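Notes follow once the structure below has been shown.
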Amino acid sequence: MGQTVTTPLSLTLGHWKDVERIAHNQSVDVKKRRWVTFCSAEWPTFNVGWPRDGTFNRDLITQVKIKVFSPGPHGHPDQVPYIVTWEALAFDPPPWVKPFVHPKPPPPLPPSAPSLPLEPPRSTPPRSSLYPALTPSLGAKPKPQVLSDSGGPLIDLLTEDPPPYRDPRPPPSDRDGNGGEATPAGEAPDPSPMASRLRGRREPPVADSTTSQAFPLRAGGNGQLQYWPFSSSDLYNWKNNNPSFSEDPGKLTALIESVLITHQPTWDDCQQLLGTLLTGEEKQRVLLEARKAVRGDDGRPTQLPNEVDAAFPLERPDWDYTTQAGRNHLVHYRQLLLAGLQNAGRSPTNLAKVKGITQGPNESPSAFLERLKEAYRRYTPYDPEDPGQETNVSMSFIWQSAPDIGRKLERLEDLKNKTLGDLVREAEKIFNKRETPEEREERIRRETEEKEERRRTEDEQKEKERDRRRHREMSKLLATVVSGQKQDRQGGERRRSQLDRDQCAYCKEKGHWAKDCPKKPRGPRGPRPQTSLLTLDDQGGQGQEPPPEPRITLKVGGQPVTFLVDTGAQHSVLTQNPGPLSDKSAWVQGATGGKRYRWTTDRKVHLATGKVTHSFLHVPDCPYPLLGRDLLTKLKAQIHFEGSGAQVMGPMGQPLQVLTLNIEDEHRLHETSKEPDVSLGSTWLSDFPQAWAETGGMGLAVRQAPLIIPLKATSTPVSIKQYPMSQEARLGIKPHIQRLLDQGILVPCQSPWNTPLLPVKKPGTNDYRPVQDLREVNKRVEDIHPTVPNPYNLLSGLPPSHQWYTVLDLKDAFFCLRLHPTSQPLFAFEWRDPEMGISGQLTWTRLPQGFKNSPTLFDEALHRDLADFRIQHPDLILLQYVDDLLLAATSELDCQQGTRALLQTLGNLGYRASAKKAQICQKQVKYLGYLLKEGQRWLTEARKETVMGQPTPKTPRQLREFLGTAGFCRLWIPGFAEMAAPLYPLTKTGTLFNWGPDQQKAYQEIKQALLTAPALGLPDLTKPFELFVDEKQGYAKGVLTQKLGPWRRPVAYLSKKLDPVAAGWPPCLRMVAAIAVLTKDAGKLTMGQPLVILAPHAVEALVKQPPDRWLSNARMTHYQALLLDTDRVQFGPVVALNPATLLPLPEEGLQHNCLDILAEAHGTRPDLTDQPLPDADHTWYTDGSSLLQEGQRKAGAAVTTETEVIWAKALPAGTSAQRAELIALTQALKMAEGKKLNVYTDSRYAFATAHIHGEIYRRRGLLTSEGKEIKNKDEILALLKALFLPKRLSIIHCPGHQKGHSAEARGNRMADQAARKAAITETPDTSTLLIENSSPYTSEHFHYTVTDIKDLTKLGAIYDKTKKYWVYQGKPVMPDQFTFELLDFLHQLTHLSFSKMKALLERSHSPYYMLNRDRTLKNITETCKACAQVNASKSAVKQGTRVRGHRPGTHWEIDFTEIKPGLYGYKYLLVFIDTFSGWIEAFPTKKETAKVVTKKLLEEIFPRFGMPQVLGTDNGPAFVSKVSQTVADLLGIDWKLHCAYRPQSSGQVERMNRTIKETLTKLTLATGSRDWVLLLPLALYRARNTPGPHGLTPYEILYGAPPPLVNFPDPDMTRVTNSPSLQAHLQALYLVQHEVWRPLAAAYQEQLDRPVVPHPYRVGDTVWVRRHQTKNLEPRWKGPYTVLLTTPTALKVDGIAAWIHAAHVKAADPGGGPSSRLTWRVQRSQNPLKIRLTREAP
């Protein structure tokens, strides 16, 4: 046991290469998939005994070959290569087939004493067993053999005998040499090793050598067959050691298959086996599938009961197993049983289950692969071991592996050629190299510390810089103040008037001095005030006073801070360092100037009204902390000025107290005061604490079981990463997450599902609420039918008699329903909170918001829970819309009692209502956006303000929002559909949004209608309804009313647009359609109550007897079923309606008969008839023909008499027969202009169009019922026009293809033959089409201007007075304006260039001469904006000159270039090139960053060549980085950035990049090495020693001599160190460098002095700028932009920060270039402050 079973099919698949080789020798090709299909599925149906696993039985192969080669329809030519190859394997077997192909046995010897009747010898069995079998050969009884360990199959599948098998080999010769003596017939061979193992305790049978045995029937010692049933231990072991059939059908099927092969059970044994291993239901399913597999004589499954019962009986059959027929029946039965097991065990395909298998965190790839394969076997019909399925299994293995493993597997090179084993090995490597959790935590900790350290260092540097800048500014400020004070003092001394000798210096009076002045105050001298810091040591200045009162002390961040109350300050200010500062800043303007200061992060502030978070301005220069208007507003402070000073009081006039408040309740501090709520007193809260969310906590529906969310069959888990979230938003939703975690609504989890969390800011506050994006989950969840009530008709169940209302809004309603644990992982999301130790996923244990089925599930649950309340209170009306409840009663007492009962019920059920939103026992409430009062409903003011506050729409989306909002109020707006008609076309996709006067008028009318919206009565279902209907221009309008005393009270205003078909009917029929449409809409409000229809037309007669020419049968039936329901719909008298109110007028309207009007409007021509005219001038026959000939549809039309052809013409290819009929009929009418004509046609289409449908099409605008344009529109219009040409006309329909000899038959045949002949023989002439398209460009529409006449006179054109147009070159001349319109339209269609359109027009042979065609065409093509944005443009900008250094090492160009493959991580090469000498330095790098650039500049270039003066680079990220630019500023380097996408600007280094790459490529090919880093020095050597433009190499320019190649220096350098030759060489080098450098510098300077032709663009020009990276269908040019600045080679335009090379722009002015510009002249005006600008042509 445990070894594999080898079958012929598996054997050939294992040696498939040999099979293909044998097939090629047979000159055929075979495919593996078709080989398996034919062997296992096709050939077993031939009814020749072919087993599903193949056989090498030559007789069976021959029989299958006969079936395949059968002539006629029963043959199978596609199977010929495969059966021929199989035959070659059996008749000429390769070595691996020979052991399975048995030679034919010799004829058997007659037995000496047979104990059983003998059967005639035969070479092969008539029927096959479960596996292919060969006839065993006869032989002597061999010695018992020991089971070898050869690894071969344990069961000989190529023999028919049951265990023990007979030896298939020929009998061995006798030991004594009696070779001719055979073994006695009575001896039987030993059992096979397998049989010995299974049945070792039983005696081996002694059977006749000529009798086939079927176990458990075995021949005993006396020659009688014995029966050996299954043992109980076998059945017990099989049942307990194998999974059930439902759990793993494949494994149990394999077990039963092996039992059927090895044990050869009888019918009873099979039943016992099935009854033991299968359940009753499984057994019935297997038997049913087995009976379905029974095939009839034709090889197809049969359903004949007798054949099915004979092959697979359900009752014990009377088969005799001692006969060959009985054994054949048993073999066939086992085959069918096995087929039934296989079919019954085939589970439905569920790929979602397979995709749900993912690799665990610590699961090895091998274990995961086994689970994946097991899922394929269990949930799909595919075998994962099949080579054809290896690709699918490999892709599943990659996609469903752990994320880190999957990502690395996806990046493997040559992935498509990797086998599954290769992927597993790679995954094992990745799995074994994973970092441990400890290592990961250590890495994260280390990265966090490094990040914090960097941030701390940056903050310290910023703080130091800020302090340094602040000290510098303070120093400047102090110096300014001190100098100013000194100047003031000195200036004051100079300005003081001189005192007289007896004048007092204090009071300026004469007669005494200052010391004796009586006015001078006396007393002890007070302490001298301290000198202010601003005055330093100035003795003459007055010091700064301490800050005056009022002051107030508040706690900020837990620390007390004393603030100066400053009502003039907009924001509150802190002076001390408050900790971390935010990135936001503000500009502060003070008396000494303006400066930018930063904001603090949010700080907790304790106010009198609570604790709030607030952000302060950090102004260190401010002398005192300020309490500004922002905090004073939150404080609600009151400042009183009294004699003792200012006092700061609270909002109630009391001293400020400190109150601590949760941050999540901060928004309540900003809420405006509301009117006192008299309806909800404390008694309601105290009497029902469990019913309110404020007192009862979170609700839980106790009667509802946890909900299970079913997924779609093909759904797979979706995982979307969390979107980036700002710190403010995260802190805002953090309290909500914490609250939900504390309540158990959120719990941590690990789930393959993940959707992002979106923080949404509440309007008017700084609070956030978490909203989960569940759109992807909603797509994968099964849809359920929504049962939420429609708010449109919900209030129809509220009678006007119930005028006391209670409205309750359930709080957190969805959270009242629990989720089943199996469905909770669907709604997982990411959340990290280091303070709480949460870093992972959270999910909901309650029904979440945002889930598409949440409203329906909650609505149904609440309906079930409130069913008892409705039964117990039948007098109350309870309406429910999801979580909004409305309770209505007839009196206040009933309303109070009902409300108490409802609150008690809600509390007991576990639901919680919001006390803040409750409206209890009131006569006026707001519900679902309506205002309910006294049995009427009004639009709320908030709803009106929402519509009125919307600005004029600018986009289709804004318009859709407006129409959606206004459409909610359409019941209050009479004729809303007609009013909004101009707006709806602009909402369609692909329509140009053109807001015109009509749209603005409709927009204003809708807003005005909302302001005057009336009150609508609530529908009273106990009274009948009246519907007043009117129709105007395809719009149905109506008002639904009910009588209130003698008046009619409106219930709803209805309006709707009719469909295109009904809109084309006569007015009377349009009224029928309008009534039907509005009756259907009114039914939503009337709930099937009686309805009386009043209209200005007597439509009841029309509905009962509708005209047959306008309405289809389906529409007629629909109208009659809807409007002739007398129990529900009745028609009132005809009334005239007021257009404003849609109510009847007091006077009667004009009466008319609708049937008479319809009879008059049935056709286009009143005298058109279908009866022949007796006095007709002509009687013609028309016909059109359309046929296929040689794959092409040809068409023709003809007009004939009975004997001759009047007109016949071939029509363009592809013309339909209907169109040809219309053309023929139209041609006949044209030729009979002014005459009397009888015309016959056999086309029902043409006849009906002329008599009936033409007028209908014309009225509805030639549109179909779907609103699309009808077919053959032009032909129908031409026919309708031609109907009026004959004087009198009769169009008669005649049957087609008549065979009689009447005049109609002969004429019809003549027309048919002529049309067919014209279609086949003639060439269609497209230039002479019958239908003349109406064109606006006709001579009668031409209007020539004065300029046109002047141009025509110069051309020499002639004016035709009769035809009233000019003629030139024999053609009518088209005016200039017409030419422009035509050419502009053609260009908009084609967007061709000037030359292409000119050539196209010249070849078109236009019947008109287009005036000024070329000039107009050129103007159109040059001013086309679309062409300017897309078409390429040739650059006319000449090359500029390149600036070079004046000596080596002063001017470098730098660039990064990428070199692949990047060995050892080196992917980039940083190249430096000296622009003076051309010397190159290149460094391999692993990254392309600014850090690498600065490192190489400071460590390599500076120590060797000195500090550069100029660096030139492109605009790469490494060069424009702040790091690079800062280093350049500190070192005094002029860093020049070249134009973007202009490699010529960095031409020297770009060319050197190419040289290096080419050299490295050659070196790698020559050396065979792939390490380009190793070969780089050789490439640099070549570049440094290549002569430049002046014949010198960079090495010679730098060192003054060629490089040494073969001269090696003496190892002892001490002898030459101070030798005269070395000194002379150095002196010569100095002289040579000067002789070389000076001419080079002069040559470079000469290039710079050479004048450069600048580009033609100037400041103020308008240009298009090339878009270098265009996306799909994006224009090539963007703009236009205005030029602001220019250089000889570049431009600076408005709107783009970078400079743009002149080659990347093109002119956007109409002239096509900068040369063609307008001239502006400046003139003075009478007003000195105004000038006049006039534009002149160049």
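In case you wondered, yes, glycine gets a Cβ from its N, Cα and C as well.
The DNA binding site feature in Swiss-Prot is assigned to Arg943, Arg957, Arg960, Phe968, Trp1065, Arg1115, Gln1189, Ser1216, Gln1218. The phosphoserine feature in Swiss-Prot is assigned to Ser192. Sequence annotations record features per position, and here Swiss-Prot assigns region 'Disordered' to 108-220, 434-500, 513-552. According to Swiss-Prot, the feature region 'Interaction with host PIAS4' maps to 345-393, an assignment based on similarity to another entry. Residues or ranges marked as motif 'PTAP/PSAP motif' in Swiss-Prot: 111-114.
A helical conformation is recorded for Arg943 (DNA binding site) in the three-state DSSP classification. In three-state terms derived from DSSP, Trp1065 (DNA binding site) belongs to neither a helical nor a strand segment and is classed as coil. Here the binding residues for DNA are Arg943, Arg957, Arg960, Phe968, Trp1065, Arg1115, Gln1189, Ser1216, Gln1218. Their largest Cα to Cα distance works out to 68 Å.
Look at the binding-site residues Arg943, Arg960 and count other Cβ atoms within 10 Å of each Cβ; Arg960 has the fewest. Secondary structure counts, DSSP: the region 'Interaction with host PIAS4' (345-393) has 27 helix, 0 strand, 22 coil. Summarising the environment of Gln1189 (DNA binding site), the number of other Cβ atoms within 10 Å of its Cβ, over all protein chains shown, is 9. All protein chains considered, the CB of Gln1218 (DNA binding site) has 18 other CB atoms within 10 Å. Mean pLDDT across the motif 'PTAP/PSAP motif' (111-114) comes to 36 in this model. Around the Cβ of Trp1065 (DNA binding site), a 10 Å sphere holds 22 further Cβ atoms from the protein chains shown.
In this structure, Gln1218 (DNA binding site) is part of a helix by DSSP.
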